[in-house]
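Novice: One structure follows; several queries about it will come next.
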């Protein structure tokens, strides 16, 4: 900010000198600026080449008219004055081509890009040609070495400063870097000056610390508040008769005495900065903690939290964590659920999930089939079990090795068949629920399920087989009866009595079994078979049993 005793810049401008004493480009007769572009009109008779050099000395080039916006700018600058003005179009080839939009001409910027043209009628012409524009805004071809009445210059900038707001009694005169001066500019390019004679004040359009173009002075601090808020970014006031800027919401005044910035601007915080009064405090994102230096953030092990954040497995990640499940489980809605294989299992009755698979199970009274683990068969591990009956079909089933019977209370039960009474075994027999087991005498070994074979004697030693080994037991003679002449008469009588008693007992037992099996069981009967009970197929029939 510069205070002048006299409006010296205007005086120097009238002499064609800048503030630094260096020659300035010739001042245009009129100029106007938009946001990024300025246009100047020069009424001076020059050939095309000299006009182009004059524009370049001011930092621009002959005007390119690529749209109706540029055409409107020309109309504003002409102000209905007659004359021909050079545009930035030149013919680089030998002859014009009326079929093309620019007729073969090229802009002084080296391209042919345009969305607009306004040619006056003309035929094909050859030789060096340039283009002028008239008051009617028509484009006309001319010989380049012939002088025109003037020329139009274009200046391009990266940005602009807005004109200062009007204040009563404070007229402002602007000066552009390409020599244009006046008070009616809509925008001003960088390095423009604003002179306020009533305040003996000169401002410059320059970039501030953040790279934004704004009006400011060479010295820090505010100027009188009634002009553009004293240049203050936020509040402007008077202290001791001097203008002074102030900032709000915890912000601090910048080095220029006019701009405001947050204490967090430029703070070394890695994640977040929080304003606390006139200073700041660094904070970190969730999953991080503030390091000892007070500004950087370091990862926090979320898996070490109490209570644990995951049901089964926790994997710590940068700034967060990930929950996973053990083998055999899957994540469903944030929870670990055992992976069920039973959905596809072929189990006949029940299924149980086990690690890496499944296991088929059966209802009470059933057992897993030994050869087909997915199936279930009736099972009883006692000598008598309740029968499995279907009240709709009025039929009952028993496990293999059991027969259907009624108990003392009239309920259907399955009674174990004593296979040992059926002489399946060649030697000894042990009855089991639903089955039996054969054993061999000493000196014999098992040939198959029911038969035994004598073990050959070697070196006078006897080999034992089965569950009956050597011990204090009475030797059992061969099944072949001894000769009669070697037996005592009393022994013969005893043997006869014993055989008769055994026959009577077997007859009574057989009668009882036939009565139980062939009697009318409630509403159903069962076939009787002459085959062994173990091989019986129990099937409901409509008539009684044949005896």
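In case you wondered, yes, glycine gets a Cβ from its N, Cα and C as well.
Just so you know, TrEMBL annotations never went through curation; they're auto-generated.
According to TrEMBL, the protein has these features:
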type	residues	note
SIGNAL	1-20	signal peptide
DOMAIN	34-145	domain 'C-type lectin'
DOMAIN	299-337	domain 'EGF-like'
DOMAIN	416-453	domain 'EGF-like'
TRANSMEM	491-514	transmembrane segment
Novice: Quick check on the domain 'EGF-like' (299-337): DSSP residue counts for helix, strand, coil, in that order please.
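Specialist: Counting residues by DSSP class gives 3 helix, 18 strand, 18 coil.
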Novice: Count up the helix, strand and coil residues in the domain 'C-type lectin' (34-145) according to DSSP, in that order.
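Specialist: The breakdown for the domain 'C-type lectin' (34-145) reads 21 helix, 30 strand, 61 coil.
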Novice: Determine how many residues of the domain 'EGF-like' (416-453) DSSP places in helix, in strand and in coil.
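Specialist: Grouping H, G, I as helix and E, B as strand yields 4 helix, 16 strand, 18 coil.
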